[in-house]
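Visitor: Quick one: the structure is below, and I'll ask about it shortly.
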Amino acid sequence: MLGAECPKPCKGKWPTPPFDPRFPNQNQTRNCYQNFLDYHRCIKTMNRRGKSTQPCEYYFRVYHSLCPISWVQRWKEQIKDGTFAGKI
Amino acid sequence: MAYPMQLGFQDATSPIMEELLHFHDHTLMIVFLISSLVLYIISLMLTTKLTHTSTMNAQEVETIWTILPAIILILIALPSLRILYMMDEINNPSLTVKTMGHQWYWSYEYTDYEDLSFDSYMIPTSELKPGELRLLEVDNRVVLPMETTIRMLVSSEDVLHSWAVPSLGLKTDAIPGRLNQTTLMSSRPGLYYGQCSEICGSNHSFMPIVLELVPLKYFEKWSASML
């Protein structure tokens, strides 16, 4: 899970999520949620195609850094129960 | 931190707060100058037996006291906007820390690598050691590396709170369901205190924030010891 490289211009290990121009303002709620969705969608698609899920690690690192632990736990519970509102 | 009989701001710990201090000095000086001028003119008006009842037009003075305030407002607006844009600059943080407001304590999460999280409760007055600050000390301080740009994400698990550290010029509302971002950069090591800044119930005044800014090596040692 810690194998994601930081995005192209930087060298070395993962420091922290870079600036995302899709979410330039103070409200980062959607940044966290979008990366959480993108990770699960990426995993689902890669598994469906039988490919490695390594590229999905980026989304994991971003949502893991940004999203409060309680939110992630709640969403995981909802996914397990089938009550998660997002489209994965 | 704040001290008794304090009149001005706390000493600045970040470059942005330094800018805000200078801007406040500049603007307050303008306010004092205008107020003294007005008070002086009032005192002149009230201490003379001379009268003048035939003013018909006053084009020149009307022009001056329209143009001059406009200029003064521009002289205030320009530095103000400069600092506003400076606060919004895109910087590249090296660390992300989340803080969640609860009734009535803060919890902190450092999840860039491992999952490090802990609660930070105020130390009750009866348990203070000598020299500690009443209503400001906490059991677990927020240890952070100095001279690094840190992304702070602030939210709440129940009601509205606000995460404030005056010496860094920070105050960000903690809103349930919303993740508010602010940038923290301290120029020097030390302990920096703040208090919850949005009414949140009976112990709103008793959920302080203490940042402990240390060199990177100490931060790495601390975070390893907290896991």
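Yeah, the Cβs are placed from backbone N, Cα and C, and that goes for glycine too.
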Visitor: Quick one: Swiss-Prot says A:Cys67 makes a disulfide with which of A:Cys10, A:Cys32, A:Cys42?
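Guide: When Swiss-Prot is consulted, A:Cys67 turns out to be bridged to A:Cys32.
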Visitor: Quick one: Swiss-Prot says A:Cys42 makes a disulfide with which of A:Cys10, A:Cys56?
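Guide: Swiss-Prot lists the disulfide between A:Cys42 and A:Cys56.
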Visitor: Would you list the disulfide-bonded residues among A:Cys32, A:Cys42, A:Cys56 that come within less than 8 Å, Cβ to Cβ, of chain B, in the order they occur in the sequence, writing 'none' if nothing qualifies?
Guide: A:Cys32
Visitor: Within the same chain, where does the motif 'Cx9C motif' (A:32-42) have neighbours whose Cβ lies under 8 angstroms from its own Cβ atoms, ignoring anything closer than 6 residues to its ends? I mean 6 or more beyond.
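Guide: Non-local partners: 17, 22-23, 53, 55-56, 59-60, 62-63, 66-68, 71-72, 75, 79, 86-88.
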